[in-house]
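Novice: My structure is below; once you've seen it, I'll send some questions.
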Amino acid sequence: MADPQEESKPLLSRVRGGSGRDRPEGVPACRSVQVGPGSTARRDLCLDQAVVFIEDAIQYRSINHRMDASSLWLYRWYYSSLCQWILSFTIFLILFLAFIETPSSLTSTADVRYRPVPWEPPCGLTEGLEALCLLVFAADVSVKSYLVGWAQFRKNPWLLAYLMVLVVSLMDWIVSLSLVCHEPLRVRRPLRPFFLMQNSSMMKKTLKCIRRSLPEMASVGLLLAIHLCLFTMFGMLLFTSEKQDAGQDKERLTYFRNLPEALTSLLVLLTTANNPDVMIPAYSKNRAYAIFFIAFTLIGSLFLMNLLTAIIYNQFRGYLMKSLQTSLLRRRLGTRAAYKVLSSVTAAGEAHPEGVGVKPQDFLHVLQKVQLDGDHKQAIMEKVRSHGGDLLSADEFQKLFDEFDKRVIKEPPLRPEYRSPFLRSAQFVFSHRYFDYLGNFMALGNLVTICVFLVLDADVPPEDRDDFVLGILNFVFILYYLLELLLKVLALGLRGYLAHPSNVFDGLLTVVLLVLEISTLAVYRFPHPGWKPEMLGLLSLWDMTRLVNMLLVFRFLRIIPSMKLMAVVASTIMDLIKNMRAFGGILVVVYYVFAIVGISLFRGVVVAPGNSSLAPVNGSAPCGSFEQLEYWANNFDDFAAALVTLWNVMVVNNWQVFLDAFRRYAGPWSKVYFVLWWLVSSVIWVNLFLALILENFLHKWDRRSHLQSLTGDSEATSQMTVELLFRDVLEEPTEEELMEKLSHHPHLQLCR
């Protein structure tokens, strides 16, 4: 711990920045001054700095930014909900432009045989929207650059790249307008995902980890390449001998015609997409040829590919821990800086008999200004008031912020109080969990009846079906759901009923079913023998009712918390969804860039049969080819079609069909594009995602027994987030480390 005399010294003596350009003249610095005309302004500045430090700690943000009064106002305004929402919407808008700008995706189908001429926006429409987005990004980078200071801006590669991307985009935008939107290539389109990446610290960390893992991935990739080339040469020697028989000749002409074809065939076999097709011609002639293909698959697919997964997992093992460790350091640094500021305010006042610390009233005053939800504020205030008027020490001050890691569970509203013994008994019965079990049983019966009648009516022509029995049963079930809703409202009260998300879902579903049922009865009358609702439009009201009924299956998700092992799995899935948004963002970036590049390379190369000699009609196309399988909707004629095509290739099922088709339509160099996409999406990203799922699940599974000890008891009023769940394995930063970080703050200086 730091020396008490040093703790009493003020945190901020002056604002650093060389010649004073980081702090305008006349802006008071936060220092220990007993009296003076500027003491009130300096106190207010200290409190505002503490507010910002605490907000930085809550959001795990860096505290390395300007700390004068005007900069603090700008900083809080920039990170306000409104400004961040505008920035997020701008990022979404500029990415979404790819769907409506030329080539437009505004058609009902992507099939080149039936696709109508799409609506193309007039020149200047999408360009105008793009200009507004670029202006917002220009303002964003300007504010960020000012807040961190010029010295830090020059050292920040992301901000420098941000500025460069903006300049290139603006220049390319000017070129577009000067050519009246008829330019052959828009350079700025593949640069747009950068705006998404630079706005996410987790995505930046992910890219950094991928970059660090590339050497290990490349080593296995080299082994795969050697393995592929070696077996390609063996295959060429085995299937291209001088004396050819029918089986060998078929194998040679189909899969080993030449070196590029042989290499492609074995590359696809590495993903098992064309297994056993590539083996069958030779295997049908001589069973010994199976040894070649089995050995290739064993070494490549089952050994080297899984070795790559293991290496990626090993490199990313502990990635979540490292990111949480960085987040913990930022939080501790922010709270420690807030403590130093507030303790300097205490030292600036009258001498306190207890020594150094933070006055509870000062902290409560600061907490009122902090952007924080009311439940957490109330919990922290109660802990502060429990200290009375005693000064808060550094350790006590730090422990207050543990409440940020907890998700406060609101107390359910009080139930209605009935005087009648009958109503009290009814309240007990209809609020009991067994009543929920009865509702789940009825929902299960509803689903079973729908499935049974779907099976029974499968072979009956639509005009001969009789929905009388099913209509009566459906009417009975909906009446029960309505009765269940009313009885639960009676037992819990309206506020108590709405306090449970499961009840809200059931209630909305019941209301929708009731409206559909009333509409069905009004249109088709009450069910009777021979009752068959007619089709009106795409779906009849009766069909819509049955579709909505299928949503009842979600009622059974509420049983998950009562099953411990399933609860661990479900909570792991939810944690993955919350904490893997960065990896989803990386996938969006990769998809976007490859889709734009694919449009530039392959737009218009896939044409409808009859319009080109390269596209034979379905009857004359070889079995299993692009044309025979009618894959015409898989093309790069617009952005939406490109995304779906890339998805189909990423799944790698039948991806050899795409390789062959685009080789014929666009040339052999097109294989480079698809192989690169396979490497980035299926090999790197999918394995990375698998490794992170394993890491999250194993930590969650191994530590499920610690949940009880971490939360205290089963009646705890808080639920643990991922950060607190792994807090016991994270290393707390030392006092010396925190003070060292604070002493090197670019815009603050610790008094020594």
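Any Cβ shown, glycine's included, is placed from N, Cα and C.
TrEMBL: automatically predicted annotations, no manual curation.
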Novice: Pick from 128-147, 508-527: which stretch is listed in TrEMBL under transmembrane segment?
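Specialist: That would be 508-527, the stretch labelled transmembrane segment in TrEMBL.
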Novice: May I ask whether the transmembrane segment (672-694) has at least three C-beta pairs under 8 Å with the transmembrane segment (288-313), counting pairs 6 or more apart in sequence?
Specialist: yes
Novice: Counting only residues 6+ away from its ends, which parts of the chain sit with a Cβ under 8 Å from the transmembrane segment (159-181)?
Specialist: 102, 123-124, 127, 130-131, 134, 137-138, 141, 144-145, 148, 153, 187-188, 191-192, 194-195, 198
Novice: So if I exclude everything within five residues of the ends of the transmembrane segment (77-100), which remaining residues of that chain have a CB under 8 angstroms from its CBs? That is, six or more out.
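Specialist: Long-range Cβ neighbours of the transmembrane segment (77-100): 55, 59, 61, 106, 121, 126, 129-130, 132-134, 136-137, 140, 143-144, 147, 189, 192-193, 195-196, 199, 371, 588, 592, 595-596, 638-640.
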Novice: Would you mind giving the whole-number mean pLDDT across the domain 'Ion transport' (432-697)?
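Specialist: A mean pLDDT of 79 is what the model gives the domain 'Ion transport' (432-697).
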